[in-house]
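Annotated transmembrane segment per TrEMBL: 41-60, 72-92, 104-124, 136-157, 169-190, 202-223, 235-256, 268-291, 297-319, in sequence order.
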């Protein structure tokens, strides 16, 4: 089993390299409107597949128990939609005196205002073996919350105004997240014995879908003409984004592992990914709506286009390390339990 797990991890890392290389060589295949039609296959089918897969593999009891873990949910949502954007705003006050393109800096602020994604945080939490039920709930709930909160945060920090079609965004989320999850749970009730006996490769399925998301994301990144503009600013933005992600991941780790936090190691894994990841799928449409007609919209969107693949890459690279920590921590907890 360990050999198979190691081979699967190595295959996944090779897949990431091949996906990025393929996107660099021929980005036109995976861009919106291209042969792969990611605006349909990724935005709808891939996301729906992830949550159907999660619904099929997740014990109903675990999902139900996750709903009442209010402290964990409050931590993730407050960190994502309050602490994150406020901290970025303070940080940008310092960066405003640098020669970095001001619209790229405004783009960094929009990243901070975005809701959590509905896919990558769940997949990475599942890959580590963390609290998948909590990750699913917070990704879905945070996305729904973001439909209202994100435009308000954009108005607060950037002063843009527009009417946002909440109904259409809510409908898309409901059809791609909630419905597939419920269907997966219903199907599981009828084939539970078969699933436990055959143990289908849910992890491999999710990893394959994630590789598709990585490929199409990098296709969008490499095909965006603004990526070639002001390379000095872009390099600095890339460095800043990597630093922000690593710093916030470390911060959530420290907060959630304090002695009085009451979070389990599996909870900490969900917190690390759900609190620091931001949604490109919801983010780009929201930017296009809120900044409709803005002459610098393309530059504002660049940091989010960079942030999304970076969060997947960093998360994927850190999976073995976080998993080793979680396993060792769980063993330690078991060893310290008193025997009866």
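These residue numbers are counts, starting from 1, taken along the chain as shown.
Keep in mind that glycine also has a Cβ here, set from the backbone N, Cα and C atoms.
Among the recorded stretches 41-60, 104-124, 136-157, 169-190, 235-256, the one sharing the largest number of Cβ pairs closer than 8 Å with the transmembrane segment (297-319) is 104-124.
Among 72-92, 104-124, 136-157, 169-190, 235-256, 104-124 has the largest number of CB pairs under 8 A with the transmembrane segment (202-223). Same-chain neighbours of the transmembrane segment (235-256): 75, 79, 84, 88, 91, 95, 98, 100, 104, 107-108, 111, 263, 267-268, 271-272, 275-276, 302-303, 306-307, 310-311, 314, 318, counting only residues six or more beyond its ends whose CB sits under 8 Å from a CB of the stretch. Listed as Cβ neighbours of the transmembrane segment (169-190) (distance under 8 Å, sequence separation of 6 or more from its ends, same chain) are residues 43-44, 47-58, 60, 63, 118, 136, 139-140, 143-144, 147, 282, 285-286.
If you look at the transmembrane segment (72-92), the same-chain residues 6 or more away from its ends with a CB under 8 A from one of its CBs are 105, 108-109, 111-113, 115-116, 131, 134, 137-138, 141-142, 145-146, 149-150, 153, 157, 244, 248, 252, 255-256, 263, 267, 270-271, 274-276.
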